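Feature annotations, courtesy of TrEMBL:
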TRANSMEM  458-481  transmembrane segment
DOMAIN    516-738  domain 'Histidine kinase'
DOMAIN    766-881  domain 'Response regulatory'
MOD_RES   814  4-aspartylphosphate
DOMAIN    915-1014  domain 'HTH araC/xylS-type'
């Protein structure tokens, strides 16, 4: 790029000098006389008068003075100039040795008198802090404090003190630049990799600036140090620029810049500040202007600059003109104050090309005319964009970078390429930003944009998304509908459940009521039945009374049957009804027997009764349940069959199914009522009805419900076929069951009804009857008073008092009594050592299996249910008293002293003898030498008698018994302790391990380890 800024820079080149010089410029100074002092690296000093008039022209000899060692310099290598504030001289920093200065008074270069043993040399920077003290930064000699005497006519060095951060490290003492903060601190740049060092001239102490590892890399080799007007420090290094600001609390901030930040080159030789506060840097490739307000760099190179590779130490800010001077390898250049770079030419950037899959396409064909967006179809995976900044002179040196917002928000460097390729760009809207830079504009805030829209596939288009949204809303609506429906269904189910629970509670309440009522019926029926038996035995009774008794007995039987039916119904509902015996039963023969009573009913009611039963049919089932099913079904058939009708029973076996059919003519059953004829809810609802038919059908319904439950108990099925006003037929199908010959125990078992002869006794046995019903006590007294003395008690407390006064031979008690129940009474009697031997009989209206089991578990010897048979009661009492008498006789006989041991009868004395032997063996079992002689000695007998006694009691000899007992104890220890086998061997008195294993295996058919694992 070409700029018309020639007036901005002034240049004096070495080639403009009137003599030949090839040495780089290393130091610059301008004085108030418009003289330019130029120090070189080997050619001494050039003093150019009126330099600003000699810009880019040949300098005449009359306008220049050349100073070298011939003219008084101590060295032709001149690194710095410093105008003294107290004397009219210029201090000169040279390679040395010695300290040179220029005297305006004498217009000549002189050398200070040094009377100290130390020398001055390699001085790259000088600071004057007072009238007599100079601080000098040297390349290898550390920091020098030079005290001079300014009062003498000739400058005299009074003292030289050297200060080293690390005295034995030469690289740590390489100082090429220095600045003074105006207070007490020198900031010194080190070239040996140690960065910047602070030196306090008051306490003479060094301090390394604390920086981290990443910071130390950029500030290691420091070439220049500068403090700006706002007290910000800049350090120029071989790897870029570092900006640091220090605070009173000891903290600091740091910024670092290099070529990536926009500087034209990383080698920073000099740093100066212009009147606008911008920082100018001299580098190996030109000048860079840094704006600290926006961190922006402008770079200056050819053709504006004639010098573009600059040198260390060669920079100067003229306090008189404001010019900034920078020296280089072929001369020096200065910057005129007041010039700005902002009006420089900046070409626009244009997008001009598009490639799709490597083929050129017209860019305009893909630009939306309304939005001006570049629209890329969804099916295009890769495309490229080309652009250019139009500069016909310097365009080939432009470098580009880009950023695609919303995809990658970082700038990507393209170098000099002007094409961007995008691959697999997701659909969406993007903003492409492109910027450029060159050697002058190394960084640019300006960028050019292009909006790119990668179109989505059809399934991501707006219409597709609208469709998805509608579908989503429909799904949500459906889910809400289903959730609501589910909630409503749950509410309905909950309501139904509550209704069912309420219905169940009502049914349970009814069942409990009917069950309690039937229990209450048991006692009156017992009394009626007992009195009927007593009246029937009255001698010389009129025949009419026999008829009355027969009627009473039939009605008692009917009531008892109804009670039993209700109680069975209750038991089946509670699943407490158990099967009796599963055996190979003659079902055909049982039906014929059960049918004999129905033939007389059929004949009386003029009903045809037909049996179609296979001969000698056997079936694995519970014959009691089967008889109950058959009787209920046939009874039900006769009740609904009119005169002249027919009842037909069919029984046959087919493979593994027994089929029983009961058919009867009549009004039949409506189809709608078939599902509820077995339903217990409907049955119990019918019981409370005032309708005569309902009462009859409810009675039959209980029977049918019992029938269905029994069929299910036998793992079978029952169904109904019917035609209204014609017939009804019940069909039962039963499977073969597994035979179980062990019957369920029943209390009404057969007992010996013949009492023992008690005539030999002087008085009758006393029986205590405990019941809160006086009539029951009277009835039992009437039944038993001929053989026993009956005493009554109305409650448990009264009974216990009577027992305490006179011990009865037997006690009869009810369960349901006020205050203390019969079960609690039995428990108290059986818990007392004095009364626990008394036999106890329960007579109760609670007839369930669970009730009977509970009574027997408490301690009752027999359990009779109401109504009971007087004859059966007498038999139970006789049996219990006879058993008691036999036990008593045995207790007082000699045989009571005998016991069973190992299947043999053993006398009590022999048992005590063996217990003594075992006690002796236990006490000495760990003794290996345990012998029969020791046992005999302990028992006070001899060995011969011991053997005889053992022979009488057991088949083992004493020695064999000892051996057997040892291994028995070993086996017990194996399963009851965690002792090792070796420890157990010693515990039982055996010291031979192989003998123990052999004999143990012989006795138990397994090793000790196997025995322990098995147990």
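Backbone N, Cα and C atoms are what each Cβ position is placed from, and that goes for glycine too.
In TrEMBL, annotation is done automatically, which means it is predicted and not curated.
Not measured: the values here are computed from a predicted model.
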Ask   = Helix, strand, coil residue numbers for the domain 'Response regulatory' (766-881) per DSSP?
value = 53 helix, 23 strand, 40 coil
Query = For the domain 'HTH araC/xylS-type' (915-1014), what's the model's average pLDDT?
reply = 87
Ask   = In sequence order, which residues at least six apart in the same chain have a CB under 8 Å from the CB of residue 814 (4-aspartylphosphate)?
value = 770, 771, 772, 773, 776, 822, 842, 843, 844
Query = Could you count the residues of the domain 'HTH araC/xylS-type' (915-1014) that DSSP puts in helix, in strand and in coil?
reply = 73 helix, 0 strand, 27 coil
